[in-house]
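From Swiss-Prot, for reference:
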type: BINDING; residues: 109, 111, 112, 132, 144, 145, 195, 202, 281; note: ATP binding site
type: ACT_SITE; residues: 271; note: active site, proton acceptor
type: BINDING; residues: 272, 281; note: Mg(2+) binding site
């Protein structure tokens, strides 16, 4: 059954959409079998209303932008029944395990997320739609299965902001709110965010079947991921080793992009790592304001495990966990000697792959930093120059986003134009010393100041989702004013443009922003 993208009347569209969601392809995750998921209806969300809607994501899914005006739109994406769902087509929650804060946590799973199906995208790919906050599942443990308005708005906005920064990420179609109260650190109201991704398979899915000694199911999962998302691995000498390497390289690239924009994920547990190398699970994230290499965005992270500077190391560690989970599959097709010999060879092969992480991450970050500095030519000491800037920023707590954006205004020959960026530094002499090194390096470039500035402004965003901007939108949304959610979403879709009418959104955070805290409570 197919969804008609040309339907002119939203009233005709919604039933077709529900039917299409209920009819996944034969190679969908849900087709792997009951050992991978549990089907169950979402918990009804009373009196739902639309808080935010991305027409851009709707178009990606082949849906008309007018869809949000449908009377039953909020009902469907709140998880409320809009039709009689047969048992074989109910939403499902998947099971996985994982390491949380470096400690084996055992079985986890979608404790409040329900996948309602998949839709064909306008780009030729297929996308799963998942309701985060859809109610309790068999994997909820002590949770209530709900998400709150605060965290749902943050995830909705950041998913789209990251996409427009060019960073691999899940997307967000809509946020649906309700006045239903839920208890967190205080009483809040419920919401559901519809997440969109080609797949929600995590490192933790592989860890689950490894830890339960189910190599048959582990192989079924790996074959699914290879067939659908990494087809080139099929032709490799060892497809499962190739899968490890492909996922690891994507992860390294993703984290390099995080570092380049000052993004902190906040909770890089293995169950929050996508096998596709996309950013997933926006919880206690944050963009660094006053730069601190040791910045911790999650106040639940008392040890600083997931601090900004630690993210590359943790990503690498997580890849080790993925490698361990894949060991029973690596080398299977070679049939090398007995099981002990094969296992020993698998460990050696996996170690060789894992050694490539820094080889991938380092150059990826260097390329990003070279672009941020407007350096077109490659020179031996460029990485050192970038690191010296970061150290100078760290010492002065200079704003990360504004420093790189304003650096474009610096002239090769005229230090009098340094003021906009220089004023961000407490230690002006330290900045001047670095700026002299930078000018010397710029003298080797062929581009003039204007061309360099234009190039820098294409990679250094002016607008990012700072915590205080999200907080203002959340506070207004609690009063049923969703205009700031929409305004902020529109601004963040053009992060590199000047947008002079929105200049306050690019300013330094106000003093009150320093008291904001985000945690795993969502």
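Glycine is treated like the rest: Cβ placed from N, Cα and C.
A quick note: this is a predicted structure, and the numbers were derived from the prediction, not measured.
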Count, for each of the recorded positions 144, 271, 281, the other C-beta atoms lying within 10 angstroms of its own C-beta, and report the residue with the smallest count.
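Checked 144, 271, 281; of these recorded positions, fewest Cβ neighbours within 10 Å: 144.
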Validating a neighbour-count step here. Other CB atoms within 10 A of the CB of residue 272 (Mg(2+) binding site): how many?
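For residue 272 (Mg(2+) binding site), the 10 Å Cβ neighbour count is 22.
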Rounded to a whole number, how many Å is the Cα of residue 272 (Mg(2+) binding site) away from the Cα of residue 281 (ATP binding site)?
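About 6 Å separate the Cα atoms of these two residues.
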Round to a whole number and give the Cα-to-Cα distance in Å for the pair residue 144 (ATP binding site) and the residue listed as 'active site, proton acceptor'.
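The separation of the Cα atoms works out to 19 Å.
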Would you mind pulling the DSSP three-state label for residue 109 (ATP binding site)?
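The three-state answer is coil.
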Just checking the binding-site residues 109, 112, 195: which sit within 10 A of residue 271 (active site, proton acceptor), CA to CA?
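If one measures from the Cα of residue 271 (active site, proton acceptor), the binding-site residues that come within 10 Å are 109.
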Applying a 10 Å Cβ distance cut-off over all chains shown, what neighbour count does residue 112 (ATP binding site) have?
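Step by step: centre on the Cβ of residue 112 (ATP binding site), count other Cβ atoms within 10 Å, giving 23.
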Sorted by position, what residues of the same chain at least six away from residue 109 (ATP binding site) have a C-beta under 8 A from it?
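Long-range Cβ contacts: 93, 94, 95, 96, 137, 138, 139.
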I want to check the contact list for residue 195 (ATP binding site): same chain, sequence separation of six or more, C-beta distance under 8 angstroms. What comes out?
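Spatial neighbours, sequence-distant, of residue 195 (ATP binding site): 113, 129, 130, 131, 132, 155, 159, 170, 171, 172, 173.
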What three-state secondary structure does DSSP assign to residue 144 (ATP binding site)?
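DSSP call for residue 144 (ATP binding site): coil, neither helix nor strand.
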